[in-house]
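Reviewing the structure listed below.
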Amino acid sequence: MSFLSGLKAAQLKYNIFTSIRENVDAELLQALSGKLKKVTVAIKDNIVTKEDKTTCSSQILADYESPFDATVVRLLKEQGAVVVGKTNLDEFGMGSGTTHSHFGPTLNPLYPDEARISGGSSGGSAAAVSAGLVDVALGTDTGGSIRLPASYTGVVGFKPTYSRISRWGVVPYAQSLDTVGLLSRDVSIIRQVFTELDKYDPNDPTSLAGDIRETIPKRTVTSQRLRIGVCEQFNVKELSQPMRNAWISSLERFSKDGHELVPVSIPSIKHALSAYYVLAPAEAASNLSRYDGVRYGFRNYDKSYGTTRSTGFGSEVQKRIMLGNFNLSSEAYSNHFLKAQRVRRLICDEFNEVFKLSNPLDGKTSFNDLGIDLIVTPTSTSKAPTLEKFRLSQNDNGVTEYVDDVMTVPASLAGLPSIVVPWNTDNGVCGIQLTGQFGDDNLVLDVAETFMAREE
C-alpha cells in the first residue's frame with residue numbers, strides 16, 4: 001500500500017484530515033536534505049499553508065487559500081520535512097472534542113472498535129499520530145488543545161513555553177494564549193522538531209526575544225534528584241478514580257527513581273477555568289470580527305453581514321463570540337474581564353513562587369533551593385468518552401465540555417511549558433502532565449523522555 005493509500009484508508013475510518021496532499025508519495029521519493037529529512041508532518045488546519053486551503057474547519061473559510069506559509073511550516077520544509085495534509089479541529093480551535101467541525105467529528109484510533117472522541121481542539125493532529133500515519137503533527141494549544149487530545153489518544157503532546165515558537169501564520173483564537181506545539185509517539189522526535197522551530201521571529205510581535213532566550217539555562221535530568229511538585233488544587237472532585245490512581249502511580253514511579261515529592265499549593269488555580277472562559281472568548285470575539293464576508297469569509301451579496309456570520313460560524317463559535325462580547329461590554333468589563341486578568345496575574349505569581357528556577361521575564365536567573373523543578377498532574381478527568389456520551393453531555397448543559405480543560409488551563413494562563421506522556425493503567429492508557437517553569441522546556445522534554453524510557 002502506498003503512503004497516500006494509507007492516509008486515505010484512515011481518513012475513511014476516522015475523519016482525520018480536512019485535506020490530503022495527492023503528491024505525497026512523489027515528495028517522499030525526492031532527494032530531500034536537511035535535519036528533518038523525510039520526517040512526515042501533518043498540519044492543524046488553523047495554520048496557513050500556501051499549497052492547501054486553510055479552513056479552520058469552518059464554513060466561513062471553506063475556500064480560503066493563503067498566499068504564504070506560516071513560519072513554522074516554512075521552517076519545517078526548509079529542513080526537509082514532508083507535509084502530508086491538514087488536520088481536522090474544532091472550529092477555530094474552540095472545543096475539546098473535535099466535534100465542532102464543519103467536516104464532522106474525528107474518531108479516536110486508540111479505540112478502533114468504538115466511536116470515541118479524539119479530544120480537541122487538535123484532535124485531527126493527535127489522531128494522525130495515534131494511527132501511525134505521520135512522525136509528528138503540528139497543533140495549537142490555547143487552553144489544553146494539544147494536551148487533552150494527546151491524553152485521549154495515547155500519544156505525546158507538547159505545549160512549549162508561550163512565545164518560543166512563532167505564531168506568524170496561525171489563525172488566532174486568543175492570541176495571548178495561543179501556542180504552537182507538537183504531537184508524536186516519540187519525545188525524541190518532538191525534541192528534534194522543536195529545536196528547528198524554537199527561533200525568534202520578527203514577524204511575530206509576541207516572539208520571545210533572543211536576549212531573553214540566551215538567559216534561559218538548558219537544564220537536564222542527568223543524575224540530579226528532582227523536586228516534583230504535587231499540587232493539591234489538581235485533586236478536583238471531577239477527577240475519576242482511575243485517573244486519580246494513575247496520578248498516584250506515576251508519582252510513585254518518580255519517588256522510586258529517587259526524586260523527592262513535594263506538596264505545593266497554588267490557591268488561585270481554583271479560579272483558573274473561570275478566568276480562562278472570560279479571557280479567551282473576549283479575545284476571540286475581537287479576532288473573529290474580521291470574518292464579515294467582505295475582508296475574510298464567504299461573500300453573499302444578497303444577505304446581510306449578520307446572516308453571513310450566523311450561517312458561516314457554527315453554534316459553539318457563535319456562543320463564544322456572544323460570551324466574549326458580553327465580557328467586554330461596559331456592564332461586565334470591571335466585574336468579569338478585569339477580575340479575570342487579575343486572577344491570571346495571581347496564577348503566574350503563585351507558579352513563580354513554587355518553582356526552583358526564576359522566571360526569565362523577571363530579567364534575572366536565580367535558583368530557589370526549596371522550590372520545585374516540575375509539577376506532575378493528570379491531564380484529563382477521565383479517559384476519552386464515546387462520541388454519543390460526549391454529545392449527550394453537550395446537549396445536557398453545554399458546560400461539561402468546558403470542565404475538560406480544568407487540568408490544562410493553569411499552565412496556559414501562565415504560559416508554562418507542559419508535556420503529556422502516555423501512562424498505562426488497568427483502565428487503559430491515559431496522559432500524565434509534566435509542567436515546568438517558564439522557559440524550562442529543555443528540562444520538561446528531558447524528564448518526559450526519561451519517564452517514557454523507563455515505562456518501556
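Glycine is treated like the rest: Cβ placed from N, Cα and C.
TrEMBL annotations: computationally assigned, not manually curated.
What you are looking at is a predicted structure, and each value in this text was computed from that prediction instead of being measured.
According to TrEMBL:
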| type | residues | note |
| --- | --- | --- |
| ACT_SITE | Lys44 | active site, charge relay system |
| ACT_SITE | Ser121 | active site, charge relay system |
| ACT_SITE | Ser145 | active site, acyl-ester intermediate |
| DOMAIN | 22-445 | domain 'Amidase' |
In chain order, residues whose C-beta lies under 8 angstroms from the C-beta of the residue listed as 'active site, acyl-ester intermediate', counting only those at least six residues away in the same chain, are Leu89, Asp90, Gly93, Ser96, Gly120, Ser121, Ser122, Gly139
Long-range Cβ list for Lys44 (active site, charge relay system), cut-off under 8 Å, min separation 6+ in sequence, same chain only, gives Lys86, Thr87, Leu89, Ser122, Gly124, Ser125, Ala137, Leu138, Gly139, Thr140
In the domain 'Amidase' (22-445), averaged pLDDT is 94
Neighbouring CB atoms within 10 angstroms of the CB of Ser121 (active site, charge relay system), all protein chains considered, total 35
